[in-house]
């Protein structure tokens, strides 16, 4: 019975992360994305920590393949698996999951909202640091780094909104479904 509960929860959590990844493929405002919510959601609800890292990152990777080779294929020459600076973005995704494992060890509304805010800050700081470090556009100085963060600031508004909205929807939907299907209750099963 316990294994069946874990398999059902795994399927639901994985399915919700994959559905969220599909939103990256549809037209949306720049930087309004479910990526941070996917990482936080995986961190909160996968009982095995390695799945919390693997499933959201693979979902992002799969959506990146479609984005790079279908939606924005005209920006690349040939089939593109990785784009310039991808490791900064993926590094921030892994840090978001790590952050989520700590913050969401107990799932509560304040922790969910704090996680969404913190995840957006992690993405902003890491991804823009990568732009500064890898771009000749900014001097390699504190002033150049601050200029890079300043240039990225307008995009952070959509990141912040996306993180709050997607995190609220994913966690809210899961908690609602959990009321109907108690087998999804995580708090009683996180021992493993």
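Yeah, the Cβs are placed from backbone N, Cα and C, and that goes for glycine too.
The transmembrane segment feature in TrEMBL is assigned to 7-26 (among others). Listed by sequence, the residues of this chain that lie at least six past the ends of the transmembrane segment (7-26) yet keep a Cβ under 8 A from its Cβ atoms are 33-35, 37-38, 41-42, 45-47, 51, 55-56, 59-60, 62-63, 66-67, 71, 166, 170, 173-174, 177, 181, 183-184, 186, 189.
Positions annotated as transmembrane segment by TrEMBL: 32-47 (among others).
Outside the transmembrane segment (54-75) by six or more residues, the chain places 13-14, 17-18, 20-22, 24-25, 35, 38-39, 41-42, 46, 81, 83, 86, 90, 93-94, 97 with a CB less than 8 A from a CB of the stretch. If you look up TrEMBL, you'll see 54-75 (among others) marked as transmembrane segment.
Cβ atoms under 8 Å from those of the transmembrane segment (87-105) belong to residues 35-36, 39-40, 42-44, 49, 52-53, 56-57, 60-61, 111-112, 114-115, 118-119, 122-123, 126-127, 129-131, 134 of the same chain, restricted to positions at least 6 beyond its ends. For 87-105 (among others), the entry in TrEMBL reads transmembrane segment.
TrEMBL lists 112-135 (among others) with the feature transmembrane segment.
The transmembrane segment annotation in TrEMBL covers 155-177 (among others). Note on the transmembrane segment (155-177): residues 12-13, 16, 20, 23, 29-34, 36-38, 40-41, 44-45, 107, 112-113, 115-117, 119-120, 123-124, 184 of its chain, located 6 or more positions outside it, place their CB under 8 angstroms from a CB of the stretch.
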